[in-house]
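Trainee: Dropping a structure here in structure tokens format, bear with me for questions.
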Amino acid sequence: MKLTCVLIITVLFLTASQLITADYSGDKRQYRAVRLRDEMRNFKGARDCGEQGQGCYTRPCCPGLHCAAGATGGGSCQP
């Protein structure tokens, strides 16, 4: 009987500790995912932007420029 009580208390304790730590680890994973997403957006190849007169079909124009549609369907970065 004593062994059964000890086992039940142990299982309850372990279950409670897992539930408590699961809440904290979920937040860390969420923040880690956000950090990784931001790193992927800011890697060197993603920061490349089109200068004036360059095409803007596959990459965005640099700040201060906008993509103007051309006659051939593609656009170029213009002020």
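Note that Cβ sites are derived from N, Cα and C of the backbone, with glycine treated the same way.
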Trainee: What does Swiss-Prot give as the disulfide partner of Cys56, choosing from Cys49, Cys67?
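Mentor: Between Cys56 and the options Cys49, Cys67, Swiss-Prot records the bond with Cys67.
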Trainee: With a 10 Å radius around each C-beta, find which of these disulfide-bonded residues (Cys56, Cys61, Cys62, Cys67, Cys77) has the fewest other C-beta atoms nearby.
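Mentor: Each of the disulfide-bonded residues Cys56, Cys61, Cys62, Cys67, Cys77 was scored; lowest Cβ tally within 10 Å is Cys62.
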Trainee: Pick the one among the modified residues Pro60, Pro63 whose Cβ has the fewest other Cβ atoms within 10 Å in this structure.
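Mentor: Pro63, out of the modified residues Pro60, Pro63, has the fewest neighbouring Cβ atoms within 10 Å.
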Trainee: Taking only C-alpha atoms and a 10 A limit, tell me which of Cys56, Pro60, Cys61, Pro63, Cys67 are near Cys49 (disulfide bond). These are the recorded positions.
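Mentor: Those near Cys49 (disulfide bond) - Cα within 10 Å - are Cys56, Pro60, Cys61, Pro63, in sequence order.
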